[in-house]
Amino acid sequence: MVTVGNYCEAEGPVGPAWMQDGLSPCFFFTLVPSTRMALGTLALVLALPCRRRERPAGADSLSWGAGPRISPYVLQLLLATLQAALPLAGLAGRVGTARGAPLPSYLLLASVLESLAGACGLWLLVVERSQARQRLAMGIWIKFRHSPGLLLLWTVAFAAENLALVSWNSPQWWWARADLGQQVQFSLWVLRYVVSGGLFVLGLWAPGLRPQSYTLQVHEEDQDVERSQVRSAAQQSTWRDFGRKLRLLSGYLWPRGSPALQLVVLICLGLMGLERALNVLVPIFYRNIVNLLTEKAPWNSLAWTVTSYVFLKFLQGGGTGSTGFVSNLRTFLWIRVQQFTSRRVELLIFSHLHELSLRWHLGRRTGEVLRIADRGTSSVTGLLSYLVFNVIPTLADIIIGIIYFSMFFNAWFGLIVFLCMSLYLTLTIVVTEWRTKFRRAMNTQENATRARAVDSLLNFETVKYYNAESYEVERYREAIIKYQGLEWKSSASLVLLNQTQNLVIGLGLLAGSLLCAYFVTEQKLQVGDYVLFGTYIIQLYMPLNWFGTYYRMIQTNFIDMENMFDLLKEETEVKDLPGAGPLRFQKGRIEFENVHFSYADGRETLQDVSFTVMPGQTLALVGPSGAGKSTILRLLFRFYDISSGCIRIDGQDISQVTQASLRSHIGVVPQDTVLFNDTIADNIRYGRVTAGNDEVEAAAQAAGIHDAIMAFPEGYRTQVGERGLKLSGGEKQRVAIARTILKAPGIILLDEATSALDTSNERAIQASLAKVCANRTTIVVAHRLSTVVNADQILVIKDGCIVERGRHEALLSRGGVYADMWQLQQGQEETSEDTKPQTMER
């Protein structure tokens, strides 16, 4: 019968870590299994939200072999199963070869922890395979990798088996194979080495997550691909593709193109390393002071130690490095780096938005796009700050603390710190993930409550009409009560989190303090060591109090960053072809040849449109609304690319030249002129931003608006207001004409430029437009036919086709569509003239 003896082979503590030319087996098989178990638990915690959110209906419709590769995955599954079973086999081997000798307790603990860690790895492998099959079933495929947690778990296992080789010459290990027990343990080590090495290599390859060589066919009756993709995108875990997100983020950490800021980054990282050293040195000097006071050391030694301690404390700050000189210096230096990163991201997004097509902008709400851009910029700088200067330093402090206590105190202290910190982080992440749903529900209800109040106040008159004040107050009260109920859950869960953290801190401090006090009474440690332990532990725990906040903020920032990167992934619809050259403008001959075009709905807006505008001529486009007249102008300006056919200017296909050169030769006067919230002078100067004040005034005089501008108290420096609301419709049109005059293009496009004006303003604007269009190729989209009677050619567009073409007189003589439109408009104008006196008489 096998009995269980002391924790280690020899009576005493786990340490020292190194003895008899090798690592202590007791120390090694306590630290490694505990580390692997903590990593496995943490990986499971991070995987659970992902598992919970990614379980859509119909995700299991694939057969076992229809997903990613199965043959290498079976091998990976077998190795993971062996990794979970081998520790128990090793324990059985120990029991079978013990020959009545007591079995050290650490072997039992190591076997259980190693098996549980292996089981965590096995479960994660199965879950990730299942998630890969789900995404494939939903028609989504990206570059798959195992999660960082699983890879780290397998890496640590393989590294631990290699670490055992440093004890090759130690008689405590099984390398000599002197008896049956050592031979069995050596054989099991070889098997573990092969298994862990195989899992490490296969983990990097991830065969169970890679696609088959054939193409998967998804039956339409079984899968709604479009809805599945939307659902998956909305429900996927924040931590999915964590490594890819970190790589994207790391690109903004290093300020490319600025050697000075790169040096600042290196200095900041060096200061961060100095803070880690200070967090170790401050408790050590505090311990030395206590020991010197206990030993009644000379005043000189005590004064020097106290002075050094206070100086280090000044550098460190209030115990956590958050307000010390080093931290403040790092924060000060980082301001420029943060501004550089923010500026770079903002300009990247803004430039990309201007490269996207008109089709994309018409389908998006500008406020939503700008909100994504703002949040994305803040998320990049916030993530860099949280990860680089909060999370990573905190984890580094924990690792340094574990190593320090294991080496200079006892391995038990390192184990206590490790277990407490692991439990602390795990519980923080679990509870934070759990309470996220309360926070989300509270935010949703807060928006609903605010919307209820806004809606009631906006409809103030309606509330008064129906004497519904008490009803509205009651509805608002119910919304507040519902919000406060959710707020209570969120606040209560935060209290639970804080109390859980406090409990873990207390248990860890109690265990370590009792052990430290015991060693002090045994005269293995000094009184100062007890003080050092308590100071160091509290110092480690203080930044961890904010770890839940960091975790939640990192989640939020990752979501915002994903939205920003999704925005940056939007393809530019209209692109310059590789090698495209500038437009060689000559006289302005425009040709449309068999042009077909359709918007996103698939319905053809233009069908086989062909026409030619000779240099200096005016072409008018008329027809009912929605016929495709404005679309022709947008195609010529290349807001869209045509489906088929060809558009040429001076014999050059406009799709073969750069967009900038094309648009530099075209001036547009739209129906609704939108002005920038700037001065009148700057709005006119927008036609050519390098123009001087004299040129701006000359353009305004040519457009007939100079006198109106000078009538304003501030003249050309008058602010036009948002979207030019301080100016009348006629004044805004004249500003647009002045812009076009200043641009001096070779081609003019008039998109119903006077249709929104009254008759007197229209006639005045027409006179200004005639000056602008003189000797320039002009295309006019007209609603009032009387404005285009002098056009060199008139095209009648109906349902995307040219149904008639010719001059005004010729079209009237045909008695077709144009003649009917003319008669209808003439009748409407006569009716309008007849009713004016009657209206005046009333």
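In case you wondered, yes, glycine gets a Cβ from its N, Cα and C as well.
From a predicted model like this one, the values you see are computed outputs, not experimental measurements.
The annotation transmembrane segment is assigned in Swiss-Prot to 27-47 (among others) on the grounds of sequence analysis.
Swiss-Prot lists 48-72 (among others) with the feature topological domain 'Cytoplasmic', giving a curator's inference as the kind of evidence.
Per Swiss-Prot, the feature transmembrane segment maps to 73-93 (among others); the stated evidence is sequence analysis.
Long-range contacts of the transmembrane segment (107-127) within its own chain (CB-CB distance under 8 A, at least 6 residues past either end) are made by residues 4, 29-30, 32-34, 36-37, 39-41, 43-44, 47, 51, 76-77, 80-81, 83-88, 90-91, 94, 146-147, 149-150, 153-154, 157, 199, 208. Among the features that Swiss-Prot reports, transmembrane segment is placed at 107-127 (among others).
Among the features that Swiss-Prot reports, topological domain 'Cytoplasmic' is placed at 128-147 (among others).
The annotation transmembrane segment is assigned in Swiss-Prot to 148-168 (among others) on the grounds of sequence analysis.
Packing against the transmembrane segment (186-206) from elsewhere in the chain are residues 72, 75-76, 79-80, 82-83, 86, 89-90, 93, 121, 144-146, 150-151, 154-155, 157-158, 160-162, 164, 174-175, 177: each is 6 or more residues past its ends and has a CB under 8 Å from a CB in it. As annotated by Swiss-Prot, transmembrane segment applies to 186-206 (among others).
The topological domain 'Cytoplasmic' annotation in Swiss-Prot covers 207-263 (among others). In this model, the topological domain 'Cytoplasmic' (207-263) carries an average pLDDT of 56.
The transmembrane segment annotation in Swiss-Prot covers 264-284 (among others).
Under the heading domain 'ABC transmembrane type-1', Swiss-Prot lists 265-556.
Swiss-Prot lists 292-312 (among others) with the feature transmembrane segment.
The feature topological domain 'Cytoplasmic' is assigned by Swiss-Prot to 313-375 (among others).
Here Swiss-Prot flags 376-396 (among others) as transmembrane segment, drawing on sequence analysis. Listed by sequence, the residues of this chain that lie at least six past the ends of the transmembrane segment (376-396) yet keep a Cβ under 8 A from its Cβ atoms are 249, 252-253, 272, 275-276, 321, 330, 334, 338, 341-342, 345-346, 349, 543-544, 546-547, 550, 553-554, 556-561, 563-565, 567.
Marked as transmembrane segment by Swiss-Prot on the basis of sequence analysis: 398-418 (among others). Within its own chain, the transmembrane segment (398-418) has Cβ neighbours under 8 Å at 13-17, 24, 27, 30-31, 34-35, 38, 276, 279-280, 508, 511-512, 515-516, 519, 525, 529, 533, 536-537, 540, counting only residues six or more beyond its boundaries.
The topological domain 'Cytoplasmic' annotation in Swiss-Prot covers 419-499 (among others). When the topological domain 'Cytoplasmic' (419-499) is classified with DSSP, helix, strand and coil residues number 77 helix, 0 strand, 4 coil.
Per Swiss-Prot, the feature transmembrane segment maps to 500-520 (among others); the stated evidence is sequence analysis. Within the chain, the transmembrane segment (500-520) has long-range Cβ neighbours (under 8 A, six or more residues past its boundaries) at 409-410, 412-413, 416-417, 419-421, 423-424, 427-428, 431, 526-527, 529-530, 533-534, 537-538, 541, 544-545, 548.
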For GLY628 (ATP binding site), the three-state class that DSSP assigns: coil
Most Cβ neighbours inside 10 Å, all chains, among the binding-site residues PRO624, GLY626, GLY628: GLY628
Distant-in-sequence neighbours of the transmembrane segment (73-93), which means Cβ under 8 A and at least six residues beyond its ends: 33, 107-108, 110-112, 114-115, 118-119, 121-122, 125-126, 129, 157, 181, 184-185, 188, 191-192, 195-196, 198-199, 202-203, 207-208
For TYR599 (ATP binding site), the three-state class that DSSP assigns: coil
Interface present between the transmembrane segment (530-550) and the transmembrane segment (264-284) (three or more C-beta pairs under 8 A): yes
